[in-house]
Amino acid sequence: MVRFIFITGGVVSSLGKGLTAASLAMLLQAKGFKVCLRKLDPYLNVDPGTMNPHQHGEVYVTDDGAETDLDLGHYERFTGVPACKFDNITTGAVYSKLLKEERLGNYTGLTVQVIPHVTNIIKDFILSNTKGFDFVLCEIGGTVGDIEGLPFFEAIRQIGNELKSKQCLFIHLTLLPYVKTARELKTKPTQHSVKELRTIGISPNILVCRAERKIAKSEIEKIALFCNIDPEYVIPAIDQKNIYLVPLAYHDYGLDNKVLKFFNLTIAPSKLNRWHDIIERLKESHSKVRIAIIAKYHKLKDAYKSVIEALDHAGIYHKYKVDLVWINAENVTNENISKKLLGVDGILVPGGFGERATEGKILAVNYARTNNIPFFGICLGMQLAAIEIARNLVGLKDAVTEEFKTAGTKIIERISKHDEDFNPSDITIENIKKTMRLGSYTCNLVSDSITANAYGELKISERHRHRYKFNNDFQDIFEKNGVKFSGFSEDKKIVEAIELPKLLWFVGVQFHPEFKSKPFEAHPLFIRFVEAAIKYNKNN
C-alpha cells in the first residue's frame, strides 16, 4: 500500500520545503522503503523551460527530457532516485490539459470548474504512476494563503479525506523568527500559518519549525498548545552550515521515526553509513581550493544550483573546501581580467542562453588556456571555448556562433540546420522545444582521452539541453591545432566533448554532467576538474 506525505509551507517562501522533503525521503529510504518525490508548482507557466533564471532559478533536466523545478535536483541528489516527467506539474500544465480536454468535448457539455475538474487533474497527477513505491512525498510550492495555490491545497485536502490517516500525512513547515531585542523566537507567525491551513480544511500532523537557533522545550510546548499538535510532532529545523547536514539533523530529532509511528509501521534501524561518511569528510575538509564561475546571473546563485552542488560533491570527495569566486561575465575586459581571476585555481563557464555576457566568458576561456589554469566548459561553455580556440589558436578571427551572429565563420551551428521541415519563423514559445535536444543521450568517448579516463569507460549517458552544436566542418583544422575531440553522439553528428591534452586540464562538454552528481557519488568530471585545481593550487 502506497502512503502519501504532503509537505506544505507557511509564513515565508524559500524555507526549505524541498530539502525537508528530500531529507525525509532519504531517511525513509535508509530504513528500506522505496520512495518517490514530486513537486507541484502553482505558477501558470506550463513548465520552467522558458522562464527567466532571475524569476525561477535553474531548470533541472530529467533523463526523459522534462524541464523541471530545481527542487527535483535536491530530490535526486539526496535519494539517488532519477526524477521523471511525472514528478513535476504546474498550474499551467493543469490548465493546458483541462482546456485541451474541454475543446475535445471530453467534458460532455458540463460547466468546467476549478472544483472538481481542476482539482481532479491535480489528484490524478498525485495518485498516478505510484506502483512499486512505499511512500510518495509531494511538495506544494509557495506558501499557504497564496491565491494561486488554492486548487492544490483543495486537491490534497480531498485526497486526505478519501484516503484517511492510514495512507495520508500532512507536514507543515513554518518559520520561527528570532527577535533580537526581545531575545526570543516568535511563535505567532506559525500559529497564524496553521490557522490559515485549517481554514482550507487541512490539519497538519507534523509541524517542522525552521529557526536560526535551538528551540527551547517551552517554545515547542507553546507551539503544540496553540496549534493543537502533540509536542512529540513538533520538529525543530535548525539552520545548518551545509545542506548535507540537514538529513542527519532531522534524523536526530526523530522525524523519520515519527512518520513511521504515525502510519503504525515497524521502526527499523537506519542505514546511514554513507551520510555519516559525508559528514566526516566535511569535518576533515580544512584545505581550500578556489574555483571561479564566469556567470551571467552572478547575483542569483540558484541559476547554477546543480553546478554549485557538483563542485561541493567533488570537494567532499577530495576532502577539500571549494570556495566559489563569482565573476560577472558582463564586466570582464582585457584590462581587468587578470585582477578578477587573481588567485583562482580553476575556471568554470557554465551553460546558458543568450548573447549577453558571452564575450566576457570567451575572455575567461582565453585566460585559462594561456595561463594553463584548469578549465571546465559546460554546454554553452564548451561552445564558447571552441570559439575562443578558433579565434586565437586556429586563426579564424571572425569565429561566431549561429545562435547570436548571422555574419562570420560559424563554428557553432544549429542542430536542426539540415532538417528539411525546419523554419526559423516557427520558433515560438509554443513549439520551441521542437528545436531543443533534451534529456539523456548516449555519448561515445575516445580512448586515452581526459574525458574517457575520468569516466573509466567509453560509453556514457548524460543529460542535454541545447539546440546548437559544434560545426563538424572545422574538426580537421581544430585537430591540427592540438584540439582533441573526445566525445561524440552515437550518430557522430554531434561533438560531445573537446579537450586540449597538452594543458593541465582543459575540457569542454556539450552535456550537463552536474545533473547526475550526488554527495555520495560525485561526478567523475567534477572530481577530475577539482583534482586539477588542487594540483594547480599546490604548484602555484
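Using N, Cα and C of the backbone, Cβ positions are placed for all residues, glycine too.
Going by Swiss-Prot, these are the annotated features:
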REGION    1-265  region 'Amidoligase domain'
BINDING   Ser13, Asp146, Ile147, Glu148, Lys186, Thr187, Lys188, Pro189, Thr190, Gln191, Lys222  CTP binding site
BINDING   Ser13, Lys186, Thr187, Lys188, Pro189, Thr190, Gln191, Lys222  UTP binding site
BINDING   Ser14, Leu15, Gly16, Lys17, Gly18, Leu19, Asp71  ATP binding site
BINDING   Asp71, Glu139  Mg(2+) binding site
DOMAIN    290-539  domain 'Glutamine amidotransferase type-1'
BINDING   Gly352, Leu380, Gly381, Met382, Gln383, Glu403, Arg467  L-glutamine binding site
ACT_SITE  Cys379  active site, nucleophile
ACT_SITE  His512  active site
ACT_SITE  Glu514  active site
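Structure coloured by features recorded in Swiss-Prot.
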| residue | record | DSSP (3 states) |
| --- | --- | --- |
| Leu15 | ATP binding site | coil |
| Glu139 | Mg(2+) binding site | strand |
| Lys188 | CTP binding site | helix |
| Gly381 | L-glutamine binding site | helix |
| Arg467 | L-glutamine binding site | coil |
| His512 | active site | coil |
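Restricting the binding-site residues Glu139, Gly381, Met382 to those with a CA within 10 Å of the CA of Asp71 (ATP binding site) leaves Glu139, listed by sequence position. Within the set of recorded positions Ile147, Gln191, Cys379, Leu380, the entry lying nearest in space to Leu15 (ATP binding site) is Gln191 (CA atoms). Taking only the Cα positions, the spacing between Gln191 (UTP binding site) and Leu19 (ATP binding site) is 23 angstrom. Here the candidates are the recorded positions Leu19, Glu139, Lys222, Glu514, and by Cα distance the one nearest Leu380 (L-glutamine binding site) turns out to be Glu514.
Inclusion criterion for the recorded positions Lys186, Thr187, Thr190, Cys379, Met382, Glu514: a C-alpha placed within 10 angstroms of the C-alpha of Gly18 (ATP binding site); this criterion is met by none of them.
Averaged across the domain 'Glutamine amidotransferase type-1' (290-539), pLDDT for the predicted model comes to 92.
Taking Cα separation as the measure, Glu403 (L-glutamine binding site) is nearest to His512 of the recorded positions Glu139, Ile147, Thr190, Lys222, His512.
Taking the C-alpha atom of Gly352 (L-glutamine binding site) as reference, the shortest distance to any of the recorded positions Lys17, Lys188, Cys379, His512 belongs to Cys379. When the alpha carbons of Gln383 (L-glutamine binding site) and Ile147 (CTP binding site) are compared, the span between them is 43 angstrom.
The sparsest Cβ neighbourhood within 10 Å, among the listed binding-site residues (Glu139, Glu403), is found at Glu403. Nearest Cα neighbour of Thr187 (UTP binding site) among the listed recorded positions (Ser14, Ile147, Glu514): Ser14. The Cβ neighbour count for Lys186 (CTP binding site), using a 10 Å radius over every protein chain in view, is 15.
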